[in-house]
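Trainee: The region 'Disordered' annotation in Swiss-Prot covers 1-30. Positions annotated as compositional bias 'Polar residues' by Swiss-Prot: 1-18. Annotation comment: Swiss-Prot describes 27-471 as domain 'Hexokinase 1'. For 84-220, the entry in Swiss-Prot reads region 'Hexokinase small subdomain 1', with the evidence type sequence analysis. Look at Swiss-Prot and you will find Glu95, Leu96, Gly97, Ala98, Thr99, Gly100, Ala101, Ser102, Ser438, Val439 tagged as ATP 1 binding site, backed by similarity to another entry. Among the features that Swiss-Prot reports, D-glucose 6-phosphate 1 binding site is placed at 95-104, Asp222, Thr245, 426-428, with the record citing similarity to another entry. What Swiss-Prot lists as D-glucose 1 binding site is Ser168, Thr185, Lys186, Asn221, Asp222, Asn248, Glu273, Gln304, Arg305, Phe306, Glu307. According to Swiss-Prot, the region 'Hexokinase large subdomain 1' annotation covers 221-460. Residues or ranges marked as domain 'Hexokinase 2' in Swiss-Prot: 477-912. For 531-661, the entry in Swiss-Prot reads region 'Hexokinase small subdomain 2'. Summarising the annotation, Swiss-Prot assigns ATP 2 binding site to 542-547, Thr686, 753-754, 790-794, 869-873 and lists similarity to another entry as the type of evidence. Taken from Swiss-Prot, the feature D-glucose 2 binding site covers Ser609, Phe610, Thr626, Lys627, Asn662, Asp663, Thr688, Asn689, Glu714, Glu748. Swiss-Prot lists 662-901 with the feature region 'Hexokinase large subdomain 2', giving sequence analysis as the kind of evidence.
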Amino acid sequence: MDSIGSSGLRQGEETLSCSEEGLPGPSDSSELVQECLQQFKVTRAQLQQIQASLLGSMEQALRGQASPAPAVRMLPTYVGSTPHGTEQGDFVVLELGATGASLRVLWVTLTGIEGHRVEPRSQEFVIPQEVMLGAGQQLFDFAAHCLSEFLDAQPVNKQGLQLGFSFSFPCHQTGLDRSTLISWTKGFRCSGVEGQDVVQLLRDAIRRQGAYNIDVVAVVNDTVGTMMGCEPGVRPCEVGLVVDTGTNACYMEEARHVAVLDEDRGRVCVSVEWGSFSDDGALGPVLTTFDHTLDHESLNPGAQRFEKMIGGLYLGELVRLVLAHLARCGVLFGGCTSPALLSQGSILLEHVAEMEDPSTGAARVHAILQDLGLSPGASDVELVQHVCAAVCTRAAQLCAAALAAVLSCLQHSREQQTLQVAVATGGRVCERHPRFCSVLQGTVMLLAPECDVSLIPSVDGGGRGVAMVTAVAARLAAHRRLLEETLAPFRLNHDQLAAVQAQMRKAMAKGLRGEASSLRMLPTFVRATPDGSERGDFLALDLGGTNFRVLLVRVTTGVQITSEIYSIPETVAQGSGQQLFDHIVDCIVDFQQKQGLSGQSLPLGFTFSFPCRQLGLDQGILLNWTKGFKASDCEGQDVVSLLREAITRRQAVELNVVAIVNDTVGTMMSCGYEDPRCEIGLIVGTGTNACYMEELRNVAGVPGDSGRMCINMEWGAFGDDGSLAMLSTRFDASVDQASINPGKQRFEKMISGMYLGEIVRHILLHLTSLGVLFRGQQIQRLQTRDIFKTKFLSEIESDSLALRQVRAILEDLGLPLTSDDALMVLEVCQAVSQRAAQLCGAGVAAVVEKIRENRGLEELAVSVGVDGTLYKLHPRFSSLVAATVRELAPRCVVTFLQSEDGSGKGAALVTAVACRLAQLTRV
């Protein structure tokens, strides 16, 4: 049965065989015809049932559910990207199985220029019947011979040819160039191929041929080739539909929905393999006696039932079976049949298309029937056209039901209310049948009204698409190499991180001794962490960014906080120092009035998150402004004195400033109230810094050899002496040069949220210039500084985000991109944030090892209080920091505690501890 189409019409050889019984009367004839054609009528409800059943089978197969076996296979093709129009180069295409008993070789040139197409050169070779049914090696040797014969006629270099292999049979793919044949269809039954990798079989045959050096880059089926050959247009072409000898569809599915891939990101083209759909509940009611006969007489009874109602290999045979039945019943041809009419394969798809085409007229129908050895009358011609229309209309409607299921799956996958998509169509049924596509589109609109579908005829029968798959694979491989080269400096190994740890240990030692060092190692005069006995009401001020907070902190058996946020206008932050501190005092007075504290003199802790050299607990000399502050006449001054002077200017305000604290110390103290082992503070937010409890004997410039003191490392400046030069990239240099403090805070500029987004932006600009991103087109929005905030980095790397959500975030920023672009942007973000976390971890490892050695311990158990938006919000940062510390400081058990309001609560606790210690001293 699968050999239908090989014989064609045999004119002049037939003798008529006529029914000897009396012919039916006109009314009986009409009833017989209606009864026969009625079998091919499919109701809307039946189409909807097929749509729903197929959709259910698709979802079952995507989930990897094996029992009961799904009715469709949903095979991933490992084609993860659709073309974007810039692909170029020369490619060889070998098509096997797309057009029945022939193979085709093409030479395809892609220009990469929109609207400029070069017609492919091609040659078709008929496959002998003995090859189709012989040994597998014989088939692939035949294919390799055809390749060589075609290429011999082309003016081409014999070396380095890239080939795309279109193999249109059900296959299990495990890679773009690895595909195992599941089963033969379409009349092929070559031995020794099922269960084998067809790409390897082709490579072996090419090697045996020995004439050309050909790299088989990709294997796809004709359906994928059809989709990929669709010209990029206004709407994405993400569905391929082929109705040729057989029928199938493919579409771009979210990779996370394809269980067998175990991938979270990106998309993959899935071959539905709907020809094998055979749900008895859905298909049973629409199967006719003719379908059963056709199936029974085929090479594969019971298989490919859906395909046998739609594919071009079978439409002519269905028409033949109906015509033979009506002739035997005496309704057609005066009750006469012919040997041709009773022979399989005598009516081809081309005959059906011609007989139904209104432009050919009755004369062509008459001629075709005469070639079958029949003598049709005028009424016979009209009835034959009705039969052709009934068979083909049903095929188009069934195909539409299946396509509607695919569109519903795609819509659900994208979580879109309405779906706008282009469907690339290919195959001789779509191309040659006069009404197939119009019936198809009308039925799809009926079954999937929420989908706006454009049917786009394929170019070159899918051959160009196979070349496009090959070209896209080559482009992606080249882009992947460029991306890896760009990101390689951000991927730090153990030795590099250990070197950072060692460099920091040296800088710490120098700073503690008072020698020149990029780490200032500033004494904070905080000599103890909380012990839980602290009590009282305290005020806290928190100045470290564009917002300023005033807090009332009540310490009893727990800590209660009341606070208010006040903004600091840019004119104040960059105006005079007096203006800044007067504004701060105004905010404090406003807060006291609102809280009913006017006239009270509560102990006050001042969180001042800028580099200071402390001369006492309540004396801090500002070394330099950071974070965009530039208030004049402050650097080199005691900021507590500046605050007290502003209090004096305000008059009638009494404030007892007990301690000046930076946010890092406040974080350590805040967590220390909950965990006595917390002796390290870490901030990773807009900026970054760390502090820890150092042995007083190691701190030069502070009298005393016993006890401990918290040291403010100011590690953001680590590397300002050039010690991090080996890790600095061209992108770090660009960010540094564009900053307000070039050459300073080099460590901070590789770690903190204020700079990571800028590093990402500079990398994206570089990749765009290489043509890797945005099709090489300069995006104006990408020229804008600081468009990537910490929140953006945290959101885009979230494990819970699908790729479409990553794209949405980027599109909201004004960056139009493809799924491939989105994946690459994601990788860039991951590389930059991973390096930041690892560098931070190397710093923490240096600190904990210093504490362990200070105390002469084999093992140290210590806690780190952490604050900062990057650390808290980023999905991977905290775990990467912890993993790096474990790797570099294996003898330290380090617990990370997230601080709750370290800047406010911590400053109050520093004040509370100072009051407790002062009270003990008085006692």
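Yeah, the Cβs are placed from backbone N, Cα and C, and that goes for glycine too.
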Trainee: Run through the Cβ atoms and count how many others sit within 10 Å of the one on Leu870 (ATP 2 binding site).
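Mentor: I count 27 other Cβ atoms within 10 Å of it.
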Trainee: Write out the long-range same-chain contacts of Leu793 (ATP 2 binding site), meaning residues 6 or more apart in sequence whose Cβ is under 8 Å from its Cβ.
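Mentor: Listed in sequence order: Gly753, Leu756, Gly757, Val760, Cys829, Val832, Ser833, Leu870, His874.
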Trainee: Which of the binding-site residues listed here (Leu103, Ser168, Lys186, Asp222) have a Cα atom within 10 Å of the Cα of Glu95 (ATP 1 binding site)?
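Mentor: Hits: Leu103, Ser168, Asp222.
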Trainee: Counting across all protein chains shown, how many other Cβ atoms sit within 10 Å of the Cβ of Gly545 (ATP 2 binding site)?
Mentor: 19
Trainee: Across all chains shown, how many C-beta atoms besides its own are within 10 angstroms of the C-beta of Thr626 (D-glucose 2 binding site)?
Mentor: 23
Trainee: For the region 'Hexokinase large subdomain 2' (662-901), report the average pLDDT of the model, please.
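Mentor: Taking every residue in the region 'Hexokinase large subdomain 2' (662-901) and averaging pLDDT yields 91.
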Trainee: Where Glu714 (D-glucose 2 binding site) and Ala101 (ATP 1 binding site) are concerned, what is their Cα separation in Å, rounded?
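Mentor: Glu714 (D-glucose 2 binding site) and Ala101 (ATP 1 binding site) have their Cα atoms 76 Å apart.
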Trainee: Rounding to the nearest whole angstrom, report the longest C-alpha distance spanning Ser168, Thr185, Lys186, Asn221, Asp222, Asn248, Glu273, Gln304, Arg305, Phe306, Glu307, listed for D-glucose 1.
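Mentor: The widest Cα-Cα gap among those binding residues is 20 Å.
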Trainee: Out of Leu103, Lys186, Glu307, Asp542, Gly545, give those binding-site residues positioned within 10 angstroms of Asn662 (D-glucose 2 binding site), comparing C-alpha atoms, in sequence order.
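Mentor: Near Asn662 (D-glucose 2 binding site) by Cα: Asp542.
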Trainee: Mind checking how the region 'Hexokinase small subdomain 2' (531-661) divides into helix, strand and coil residues in DSSP?
Mentor: 35 helix, 50 strand, 46 coil
Trainee: For Ser168 (D-glucose 1 binding site), which DSSP three-state class applies?
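Mentor: Coil, per DSSP.
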Trainee: Using C-alpha atoms, which one of the binding-site residues Ser168, Lys186, Gly426, Thr626 comes nearest to Asp542 (ATP 2 binding site)?
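Mentor: Of the binding-site residues Ser168, Lys186, Gly426, Thr626, Thr626 has its Cα closest to that of Asp542 (ATP 2 binding site).
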Trainee: Need the DSSP three-state call for Ala101 (ATP 1 binding site) to compare against my parser.
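Mentor: Going by the DSSP assignment, Ala101 (ATP 1 binding site) belongs to neither helix nor strand, so it counts as coil.
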Trainee: Cα-Cα separation of Thr686 (ATP 2 binding site) and Ser168 (D-glucose 1 binding site), in Å?
Mentor: 56
Trainee: From the Cα of Ser609 (D-glucose 2 binding site) across to the Cα of Thr790 (ATP 2 binding site), what is the distance in angstrom?
Mentor: 19
Trainee: Have a look at the binding-site residues Leu103, Ser168, Asp222, Glu307 and say which one has the shortest Cα distance to Thr626 (D-glucose 2 binding site).
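Mentor: Checked the binding-site residues Leu103, Ser168, Asp222, Glu307; minimum Cα distance to Thr626 (D-glucose 2 binding site) goes to Asp222.
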Trainee: Going by DSSP, give the three-state secondary structure for Leu793 (ATP 2 binding site).
Mentor: helix
Trainee: Is any of the binding-site residues Gly97, Ser168, Thr688 within 10 Å of Asp222 (D-glucose 6-phosphate 1 binding site) (Cα-Cα), and if so, which, in sequence order?
Mentor: Gly97, Ser168
Trainee: Let me know how many other Cβ atoms fall within 10 Å of the Cβ of Gly426 (D-glucose 6-phosphate 1 binding site).
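Mentor: Result for Gly426 (D-glucose 6-phosphate 1 binding site): 29 neighbouring Cβ atoms inside 10 Å.
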